[in-house]
2 protein chains.
Amino acid sequence: MKLTILGCYSATPRALTNTTSQVLEINNHMFLIDCGEGTQVQLRKHKIKFNRIKHIFISHLHGDHFYGLVGLISTFRLLTREADLHIYGPKGIKEIITLQLKLADSWTNYNLYFHELTSKTSELIFEDEEVEVHTIPLDHRIYTNGYLFKEKEGNRKLDINLVEEANINVAYYRKLAQGFDVLNEDGILIKNSTVTKAGAKPKSYAFCSDTMYKVDIVPIIKNVDVLYHESTFLDKNANLATKTKHSTAKEAASIAKQANAGTLLLGHYSTRYGDLNLFKEEAEEVFDSVELSEDGKEFEF
Amino acid sequence: MKLTILGCYSATPRALTNTTSQVLEINNHMFLIDCGEGTQVQLRKHKIKFNRIKHIFISHLHGDHFYGLVGLISTFRLLTREADLHIYGPKGIKEIITLQLKLADSWTNYNLYFHELTSKTSELIFEDEEVEVHTIPLDHRIYTNGYLFKEKEGNRKLDINLVEEANINVAYYRKLAQGFDVLNEDGILIKNSTVTKAGAKPKSYAFCSDTMYKVDIVPIIKNVDVLYHESTFLDKNANLATKTKHSTAKEAASIAKQANAGTLLLGHYSTRYGDLNLFKEEAEEVFDSVELSEDGKEFEF
């Protein structure tokens, strides 16, 4: 599981900082999460192949989270993309994008699917053999969802020595990986657990931005490996966090602690602060494993 | 008259090139012309004071000319702008912007005025004591206007020695600058032309992008000091210019020649070409005074 931070600052793009966007690579999927203005340029800088992005998840309709979306969709068209593109986001996102494509007389030459969200409870919105994605209803000034990405239980790992000793035909290796007992060349049933081990533990990632401190999300993200939780403000500006429905670094850490997260990743910093380490220090008063997002930073989990 | 090129490439923003946007300073006005994605960052890089921009002119609703507008409007709001903002552009632009502000529940705290254009003939769309702005109807795939910016005849210049010799009271200097005859301290009428000279010749600037070769614009921009005319393609791709309703460098030069422009400024280059000098060379086969736009370049005329 690899996460690339394309932008992690709040409010407006500036010469050296970008608004929210990140790419999550998980089990051969490449998910784009939020898409602030300038995201397509950030994707180019990081040499991320546009065609690998097939699913884009937008948290809410504040500009710093989606003003780059229409440009990315248009660029895909100019690059003669053929692959389907799925957009998940709040109701209204389809109207915004299609109005602009219509007035530009520039409909896409690939299939563009909108999955508009309105539910106030967590939903499963994407699922295939490897991964599932659930919404995390957040509490911000407008309708907002975080997203929980979960790998499914992976294949079992064959112990090749034991498999060969057991005289199992290669044709059955896939069945073994899927956890089935199989017949060997002598017609004897071989118990799966005697020749395989459990595969890698499935990973999970939760993206929670923008939101005020909301304990209701804890059960949804319980035991998540990595939690990205917005921390727009430091504790001294907690009053602003309340007023604007954002969180402080300490509040983000409190959610991470209650959820028993593996690692807390902070981000969506207000640009009023010079030193990001202050966010880390405040969060570490509450929770041990804290990392700072920074534009361009890559995390492998 | 000063022109700052924020972006001059077609299609999509890339790591080192920007889509169309430019700032024209003329007679204390600061006009923003087109606003591709990332324009607000370009404005910051060039330290252009956001509050000085009171009028934005959008040529047409293709993304590379206006996808940065909604972000700029939002940033103005976050910076607690108070000054009025006037947007000129094709019908539909108001719906695009207001839909996004409505869904973000983020109406501006300053007055935002939309001046939607539909006319297919040139119109006077802005005028004050110093400057007037006219549309230049262009021929592109969708409804498009260029813009002609004209200084008005300026004040006359006082010859201070002659004025003092003529024994004119300081209180009358403003009247002299405005071209009036005045009474001197001895009650004698002094003819304006005997103590003043004509002021600086009023300057004019025409922005023509995007458009195919269209001779109808020549009378509108006749004798313009500086003509920015798009040149998306080189001559070898003239077929593409026709197909996509763009111009070649030679066609831009032909318009400049017929209009008797002072200087031709090329731009809106397709990103397929490596060497911009080829555009200049081709245009110079037709017209003498050719300059190349480049992102970040400033021109004083």
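Positions of Cβ are set from backbone N, Cα and C atoms, glycine also.
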Among B:D181, B:D186, B:D210, TrEMBL assigns to the Zn(2+) 1 site of B:H60, B:H62, B:H140 just B:D210
Same Zn(2+) 2 site as B:D64, B:H65, B:D210 according to TrEMBL: which of B:H115, B:H268? B:H268
Name, in order along the sequence, the binding-site residues among B:H65, B:H140, B:D210, B:H268 with a Cβ closer than 8 Å to any chain A Cβ. none
Beyond B:D64, B:H65, B:D210, B:H268, what residues of that chain have CB atoms within 8 A of the centre of the Zn(2+) 2 site's CB atoms? B:S10, B:T19, B:T20, B:D34, B:G36, B:S59, B:H60, B:H62, B:S209, B:E230
In sequence order, which same-chain residues at least six apart have a C-beta under 8 angstroms from B:H268 (Zn(2+) 2 binding site)? B:C8, B:Y9, B:S10, B:T20, B:S209, B:D210, B:E230, B:S231, B:T232, B:H246
Environment of B:H60, B:H62, B:H140, B:D210, the listed Zn(2+) 1 site - residues of the same chain whose CB lies within 8 A of the CB centroid: B:S59, B:L61, B:H65, B:L138, B:R141, B:I142, B:T144, B:S209, B:T211, B:K245
Out of the binding-site residues B:H60, B:H62, B:H65, B:H140, the residue with the smallest number of other Cβ atoms within 10 Å is B:H140
Taking only the Cα atoms, work out how far B:H140 (Zn(2+) 1 binding site) lies from B:D64 (Zn(2+) 2 binding site), in Å, as a whole number. 14
Under DSSP, is B:H65 (Zn(2+) 2 binding site) part of a helix or a strand, or is it coil? helix
Please report the three-state DSSP label of B:H140 (Zn(2+) 1 binding site). coil
